[in-house]
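> These came from Swiss-Prot, pasted as-is:
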REGION    1-295  region 'NG-domain'
BINDING   108-115, 190-194, 248-251  GTP binding site
REGION    296-504  region 'M-domain'
Amino acid sequence: MVLADLGRKITSALRSLSNATIINEEVLNAMLKEVCTALLEADVNIKLVKQLRENVKSAIDLEEMASGLNKRKMIQHAVFKELVKLVDPGVKAWTPTKGKQNVIMFVGLQGSGKTTTCSKLAYYYQRKGWKTCLICADTFRAGAFDQLKQNATKARIPFYGSYTEMDPVIIASEGVEKFKNENFEIIIVDTSGRHKQEDSLFEEMLQVSNAIQPDNIVYVMDASIGQACEAQAKAFKDKVDVASVIVTKLDGHAKGGGALSAVAATKSPIIFIGTGEHIDDFEPFKTQPFISKLLGMGDIEGLIDKVNELKLDDNEALIEKLKHGQFTLRDMYEQFQNIMKMGPFSQILGMIPGFGTDFMSKGNEQESMARLKKLMTIMDSMNDQELDSTDGAKVFSKQPGRIQRVARGSGVSTRDVQELLTQYTKFAQMVKKMGGIKGLFKGGDMSKNVSQSQMAKLNQQMAKMMDPRVLHHMGGMAGLQSMMRQFQQGAAGNMKGMMGFNNM
């Protein structure tokens, strides 16, 4: 049972409260039994599960509750709160300082995904505008430097290592000195792992740590070992000053929940989680948003962060056009590019309320990305006049020969081109209506600039454009309106970013 299954089972248990006519002790106990069973199946320690059950029971006294209170919501809130506590170590995680040289040393057992995770962390900060680099001080595993070199080259991250020097302390020291002299902000050092916790591994870790004096030591933990993570994390903490933990392989193992709760029990803050093989299958770990996404409640704050990463604030020309209700094929092409930059579709969908982390399978995700690339390939075969025309699809309807030319140039059928134009027309019509809403593109809090009736019209337009299944997952019109309200408040008028979001 992977994490998505755990989320689905707990959500199903909580949903049973809505189906019950009367909320009594029997209904509460049945729901808690389902939640606890799901946690035990995910290899969460039985003591932690019992504690969660007792805490919820003590927080909810059905007999003492006033009749006007919403018992369902209070029970759901109590369960949510306890699930957050389950994965929260209660310790603030270390964060790098911008403009400073932050040395991060990675430790862990062999096979935990340490080298790949080094590259993922460097890439994560690089995308956020930090100057990052990688150092391979793993001289024990054959091919470690080749792997790091390959990952770094693919992501265009500077790296340092040696095929001849066998002393990891020398390599780490030289690499850190080199990158400090070049004013790198994030300096990541990968160290040797072993198949088990050998004394020689700990001794080597201490030597490297003493030589480079890292600002943060990150322990990389394999989620597949479940609650055994606790003993392993404690063993490393006793030997070196482990400040943070990254849990890997959470995408495909039944014991992910057990691993997360076990690490939290050691009071070690989890800073990131690995959710796949690709370099962007990597997410910051924040307890409340994590549980919120797990239960299909979304993470609007995380979504806004993703949008802001795109640096869409510079796109003043597009905003000016939107004010006047104009949207060209080139604009749509650029929005598709923004979506591609935001990372895996499943990661983005998990941030939208109503979608669980399992809504889009890996196969569906690849299919969606392939479709998006196909649409962009079609637009690559269009000329400037077609891409920049404010008449949009009318240019093609007036001269059907253009459709045949674009189809030939992009290697698709004329029907594919027509489908693209139909999709574009829907977007353009919505933008035209948005342009008529005064205050929508004004600075400040959008909820104050736009009237409720205007926002209702905009929501209706969005609902018409959406796949009915998607709208259903969001909780219908009420769910869409709730999400838009959250987005307004969180984005504080950042409508520029929302354009990248609306086109998903």
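Glycine is no exception: its Cβ is also placed from the backbone N, Cα and C atoms.
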> If you draw a 10 Å sphere on the Cβ of Gly111 (GTP binding site), how many other Cβ atoms land inside?
14
> List every residue in the same chain as Lys114 (GTP binding site), at least 6 positions away in sequence, whose Cβ is under 8 Å from its Cβ.
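Looking at Cβ-Cβ distances below 8 Å from Lys114 (GTP binding site), excluding near sequence neighbours, one finds Phe106, Val107, Gly108, Asp190, Gly193, Val220.
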> For Gly108 (GTP binding site), just count the other CB atoms lying within 10 A of its CB, please.
28
> Within the region 'M-domain' (296-504), what mean pLDDT does the predicted structure show?
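Averaged over the region 'M-domain' (296-504), per-residue pLDDT gives 67.
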> Using a Cβ-Cβ cut-off under 8 angstroms and a sequence gap of six or more, which residues of the chain neighbour Thr191 (GTP binding site)?
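Long-range Cβ contacts: Met105, Phe106, Val107, Ala137, Asp138, Pro168, Ala172, Glu204, Met205, Val208.
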> Please report the three-state DSSP label of Gly108 (GTP binding site).
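SS state of Gly108 (GTP binding site) = coil.
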> So, in DSSP terms, is Lys114 (GTP binding site) helix, strand, or coil?
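Helix, per DSSP.
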